[in-house]
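Novice: Here's the feature list from Swiss-Prot:
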type: BINDING; residues: 173-228; note: ATP binding site
type: BINDING; residues: D299, E313; note: Mg(2+) 1 binding site
type: BINDING; residues: E313, N315; note: Mg(2+) 2 binding site
type: DOMAIN; residues: 138-346; note: domain 'ATP-grasp'
Amino acid sequence: MESRPTTIGLVFGGYSGEHEVSIRSATTVIHGLRSGENSQRYRVIPFYIDQEGRWWGEAFANRVLASQKPIEPPHSIETKGFRELPEGSETVQVWYPVLHGPNGEDGTVQGLFQLMRQPFVGAGVLGSAVSMDKLAMKAAFAGAGLSQVPYVGLNASDLGDSARREHVLDRIEAELHYPCFVKPANLGSSVGISKVRNRHELETGLDHAAQLDPRLVVEQGVDARELECAVLGRHQLRSSVVGEVRFDADWYDYTTKYTAGLSTTVIPAELPEGVAERVQQQALEACAALGVVGMARVDFFYDNTSHQLWINEINTLPGFTSQSMYPMLWEASGVTLDQLVHKLVQSAGE
């Protein structure tokens, strides 16, 4: 007797600045879940979270996927945020969040699934939350002895009055040198990041980031190669081959990251002997330090001259678009897209 397909509830969109990236990622994941043997294994029901945080069922979710961008809902709703699960959710056996940024990658949705006592793809509440907040993440990396570029952490409230603001600017200039990068602590995909080269740009960058997040980080800029490694599994983590992102822009900003032709990837990266192994090992150590399981993409900086390797960040729900490194790294490691999403769903039930 044939077993019935497992019903996957795929959640995408979300109340975050990476809403449209999530729509593109969801399209790729759904394609993988409906390809090859997966077409017999799984029944996929998409659920859409709009930019006000409201959940929508399969019919409207499919319309958003077809348009590849947010569209007007079929009827107006005055309330914002989550109120109840849409129709069709009662049949879901495994949840698959394809949400990037706050309110999706930060442990909030994972907590909902955990309260529902239903399996879900990806990291749990703790790993998701710590990985989302760059200051908490950096503290965990430091505790694990992983090398990082110098940085200064602060709160947006530190910029409140002129005296405190000047003190913050003086502190950053004393501990770092230009250029440096100002980042909101809880956004991804380079959203809200500024490269600053002087005090005026630093102040402007801090004000911009403070509008997006109450916690900020300023990192030392380094002239280094950008390397990435993918991680997969739950009880037994494994790392992929190492890839490199190359670009002609001044830095790897949102436009460069998501516009075709503005960046290229080299997989596997051409590295001196032993460097790839260091990246792969440190990627696993980073996941262990933050309690991350399921999947992750871990990013590094590498200096060709000094041979210094710095861990940059970890993404627990990495992009799954046609230009995203996570699926490409596994493809180069011998794991096709349909195999990859199958393994991710399997890991949810481990």
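From the backbone N, Cα and C atoms, a Cβ is placed for every residue, glycine too.
Map the listed features onto the structure and describe their local environment.
Specialist: When secondary structure is read from DSSP and collapsed to three states, V222 (ATP binding site) falls in the coil class. There are 18 other Cβ atoms within 10 Å of the Cβ belonging to V222 (ATP binding site).
A strand conformation is recorded for D299 (Mg(2+) 1 binding site) in the three-state DSSP classification. All protein chains included, D299 (Mg(2+) 1 binding site) registers 21 other Cβ atoms within 10 Å of its own Cβ.
Neighbours of N315 (Mg(2+) 2 binding site), defined as other CB atoms within 10 A of its CB across all chains, total 22.
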Novice: Could you measure between E201 (ATP binding site) and D299 (Mg(2+) 1 binding site) for me? Cα positions, answer in whole angstrom.
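Specialist: Counting only the Cα atoms, the answer is 26 Å.
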Novice: What is the interatomic distance between the Cα atoms of N315 (Mg(2+) 2 binding site) and D299 (Mg(2+) 1 binding site), given in whole Å?
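Specialist: Here the two Cα atoms are 8 Å apart.
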Novice: H208 (ATP binding site) has how many other Cβ neighbours within 10 Å of its own Cβ?
Specialist: 14
Novice: Cα distance, E313 (Mg(2+) 1 binding site) to R215 (ATP binding site), nearest Å?
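Specialist: Between the Cα atoms of R215 (ATP binding site) and E313 (Mg(2+) 1 binding site), the distance comes to 16 Å.
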